[in-house]
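Database features (TrEMBL):
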type	residues	note
REGION	A:1-21	region 'Disordered'
REGION	A:42-63	region 'Disordered'
COMPBIAS	A:48-59	compositional bias 'Basic and acidic residues'
DOMAIN	A:72-139	domain 'tRNA-splicing endonuclease subunit Sen54 N-terminal'
REGION	A:395-420	region 'Disordered'
COMPBIAS	A:397-420	compositional bias 'Basic residues'
Amino acid sequence: MADEEEDIPRPVGANQEDIDLTDETQDFRFLDKLTVNASGAASLPKRGQKDFESHDTKLQSDTLEASRQAMHNVLSWTRVHTEKSRILGMYHPESNMAYVEKVKTKHFENMGKAKGGKEWLLPEEALFLIERGSMDCRWPVNKSNGENEEELTIEDGAPMSLQAAYAAFIGFEGGVGGKLTLEMFTVYSGLKRAGYFVFRAGCWDDDRGTLQPLAHHQDPNKAGGYLSRFFTEIWRRISTHMYPIPKANLQFGPLVKPGLYRSYADVYRLLQIIPTHDRTAPPKFHLESDPNNPFRIHYDVYKSGTGKFRKAHRGPPDFRVAVINARETSLPTADQLNDLLATTPYDPASPQDQMYKKLKHGSRNVILAVVDNGIPSYIRFSDSDFSDIKLYERNGRIPRGKGGGRGRGGGRGRGRGRGR
Amino acid sequence: MGSVTEPFPISRIAGRYLLFDIDVISYARRTHNTCGVLIGTLPNLSQQNVFLGIPLELMPEEARVLIERGHAYIVDDEETHRKGFLQMSREDRLAYLQYMDELGLEASMESKRKLEERAAKALKGKDLSSSLKQKHAGPAPSEATSNGDEESLFDSSEPGVQPKASQSNLIPHFITPATSYPPLSHPPVDRGLPLPEVPRSYPLFRYMHSKGYFSTPGLRFGCHYTIYPGDPLRFHSHFLATGLDWDEEFDLLDVIGGGRLGTGVKKSYLLGGEDPTADAVTEQSDNGASVEVRPVRTFSIEWAGM
């Protein structure tokens, strides 16, 4: 019989912390009440209760009208640049990028690339700056009109509207061999709005990413002096039966021969005869290189607020994100997932972590940003090492988790005749 | 709110369907129960994901319904912009720049007026306006200085000295408009462009749309559409909908999963599909556009929890 508790649907929104405000269409009338706390999570003080269905009252239609009007007003805001705060950019059609000559804001601490005395912005960076109302981008002047090029400044170019910016930076991308799609931009701007620093991962122009080899970690067993290591080794040889069992013997058994066993772990170890995927072997691609493979890492994402950030020396990213279009792509096959994970670095959990956390963290991991028509959803895939993290080797106390349920009877374990 | 004439243009950029005009966005929402998804960043509110702005991304299904019924038409925005801006004539460019300057000057005056208004309000709130006005006759307003409120000090003294800010010394602001019209003129209706490609769940979408329901993408609940009985601004959604083919076999576990999830979030799971064997009926819109549809059957699934 299933747990009774599970059968009762939990009341929606019982736990305030579980509410993700971006999950629902929010009432624009409450926009001025929006607060963003220190951790970056947005919250609305008290949300206007929505209705279940229409009941044809004037109150309801008036409230709806007010919300729609508020929405209309907010969406009508124009992007205005004052002389002081504006970033003046110029669109460069040959590369589908934009450049800025005078850099004066903090945005360029985490975007853009200096080249030839100008700061060059990738399509998504330029589009994001235009969209958030920071950059005044201009179209290049049509040179076939016979104008004197030398006299023209950036300001002589026609201002680029938001619509034009989308048409150019997203629409013209294919024309220059670029790969930015609207889905990738949706993810980029969503992460930027959430305060992350986002950069293109290194392999945009290649057919696929590069294999990330295993990092050489020091074996914790090797610590200590020669002498103690020697005795440890002797004791290990005496106490464990690590020798492989010949295949022929398996037919007749027994797997566990009569003998001296000092712990159950030794017995379990002998029972392990099914081969598993070896995560210590160097990773390999399973599929042929294919430029159309949708599963590739697009963005390196860094948490902000961790000290001074330098875009030129930014170190390994906190997250790696692959953008997937939910309408065109299905779940990755095992081979596709293997190839994607092989391009992420070997990143095991800390040995001090609890087992569940270790398994969840996996040895390699990647975040899939699945976009369904403008709505992104982030899913983390990790390679869980069930073969390396063994239940029977779990040492010490039972962790006292919240969901422990039956495990809470900690007193029972203590009474097991250690004779303290 | 500006008026919208039908059919209105839908921008197609890189195979996606977008709306940039706020009047069109409001109009489609009010008149054609089409809400789409706002994907843009709001200027000045660019550090949050709760409220988003223009552009509005339409599902291909939404774009297709609007086009089939003759309410909208597709514009190839890449081509329009390539022609319109990269090959813009000198006269057009200068006229556009001058037009933007005028808008910028207006914006500049508007922001100045707002600043003054705010200052006056702040002073009123502090009950300082009267005392400050008296001080103006005398030398320096020392009382306000000691308050340390720089903004109110600055703004209150200026309008006092120059009653009306002269337009000539205002620097026009620079404006990034939301749409490219003007300077471009609306392109003519081009019926040659193909209809948006839609998934096979489209018949269910069209059916629910024709009944006045609002739909948003269903990714958050693992279905095709989240369906609302009215504007999602005001109403909770009722259905998590999945559109299937008439004879399609599917996993029974999907029904269990959908039913439990839906019930858990106070919605019900909806399955539906079009009957290909039934006779097609021609539906006529008010504006003369006609479309052939086949009947759709829907089933609502709920976790009974007995």
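Cβ atoms here come from the backbone N, Cα and C positions, even for glycine.
A TrEMBL annotation is a machine prediction, not a hand-curated record.
With DSSP classes pooled into helix, strand and coil, the tally for the domain 'tRNA-splicing endonuclease subunit Sen54 N-terminal' (A:72-139) is 17 helix, 24 strand, 27 coil. With helix defined as DSSP H, G or I and strand as E or B, the compositional bias 'Basic and acidic residues' (A:48-59) counts 2 helix, 1 strand, 9 coil. Over the domain 'tRNA-splicing endonuclease subunit Sen54 N-terminal' (A:72-139), the average per-residue pLDDT in this prediction is 88.
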